[in-house]
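Participant: Take this structure first; my questions come after.
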Amino acid sequence: MTTEIRNIKLVQKIASGAFGDIFIGQNTVTNQTVAVKLEKKAHYGQLKHEYGVYKALGGTRTPRIYEYGKILYENVYVNGLVMELMGKSLEQLFVTCSRRFSLKTVLMLGERMVDNVEYLHHRNYVHRDIKPDNFVFDVQGDRLYLIDYGLAKEFRNPMTFKHREMRTDKSLTGTARYASLRTHQGYEQSRRDDLESVGFCMVYFLKGRLPWQGLKAKTKQEKYDRIRESKESISLYELCMGLPKEIHSFCFYVRNLGYEDMPNYAYLRTLLSDALRQRGLRSDGVFDWMVRTPSDSMGDLEIL
């Protein structure tokens, strides 16, 4: 039986999405400020699933989870998840920086995104909705976290490590803009797909947009089809044109992984750290939004 959340007061709505709303809340006993995620009835059960994923992940690279249960909202009890309040998402920070990050910032973020995805994969889950909105810094702005596990799924048995069988009849799960090509083509998602989405995020941050943004369609399915066709027609070489060769190498490597292959996360991080070093830059944690002087110059770094 689901317990009632009694000591949390909802203070201010800060986000709203297809699955529910997120509030700033306050613990009326300790005065601690928290985040509270509420579930819309149409998606009943998704928040409980997300709570289970957070518990399975253990909390060292995810926000702390304080409580799950029923909470009174607008005179109705709904499912609620009380968790550590986070800072801004990468999408919010991207907007702050006029929708363009410097190469240094993107490479440092890439290293940290790979770290978070590797942590998730080692605990037998794939995220299936990797995008800038789902990477957030803590309130201090020191550490990057991957959040929103409502679509996360075990890709292998946690006891035997037997991989889930590949299916080729799946509908699109996640956000079409950042979904891997194979996700559009109906393949069951695995580790390679999360990492392809990381690659798309880096291209987005460096170029300001992806080629399949803004496509017009009459229906959602038609739009998905047009995005798929765009991803099929644009080679990775074309996608990464004008960017450091390491970004292309990253995207090419993950695109060519097999369904059950374990990615070489260390190799991917090395690609990004090498790109920094060749430019005479250090992964020092100083990002564009901290200094507010982002530079888009590629300098002498070899590009495609």
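Every residue gets a Cβ built from N, Cα and C, even glycine.
From a predicted model like this one, the values you see are computed outputs, not experimental measurements.
When I checked Swiss-Prot for this same protein, it listed these features:
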ACT_SITE  ASP129  active site, proton acceptor
BINDING   ILE14, ALA15, SER16, GLY17, ALA18, PHE19, GLY20, ASP21, ILE22, LYS37  ATP binding site
DOMAIN    8-304  domain 'Protein kinase'
Participant: Which Cβ among the binding-site residues (ILE14, ALA18, ILE22) has the fewest C-beta neighbours inside 10 Å?
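Facilitator: Ranked by other Cβ atoms within 10 Å, the binding-site residues ILE14, ALA18, ILE22 bottom out at ALA18.
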Participant: Mean pLDDT for the domain 'Protein kinase' (8-304), rounded to an integer?
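Facilitator: Mean pLDDT for the domain 'Protein kinase' (8-304): 94.
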Participant: Where ILE22 (ATP binding site) and ASP129 (active site, proton acceptor) are concerned, what is their Cα separation in Å, rounded?
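Facilitator: About 18 Å separate the Cα atoms of these two residues.
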Participant: Using the alpha carbons only, what distance in Å do you get between ASP129 (active site, proton acceptor) and ALA18 (ATP binding site) once rounded?
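Facilitator: Distance between the two Cα atoms comes out at 13 Å.
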Participant: If one looks at the chain holding SER16 (ATP binding site), which residues at least 6 apart in sequence have a CB under 8 angstroms from its CB?
Facilitator: ILE22
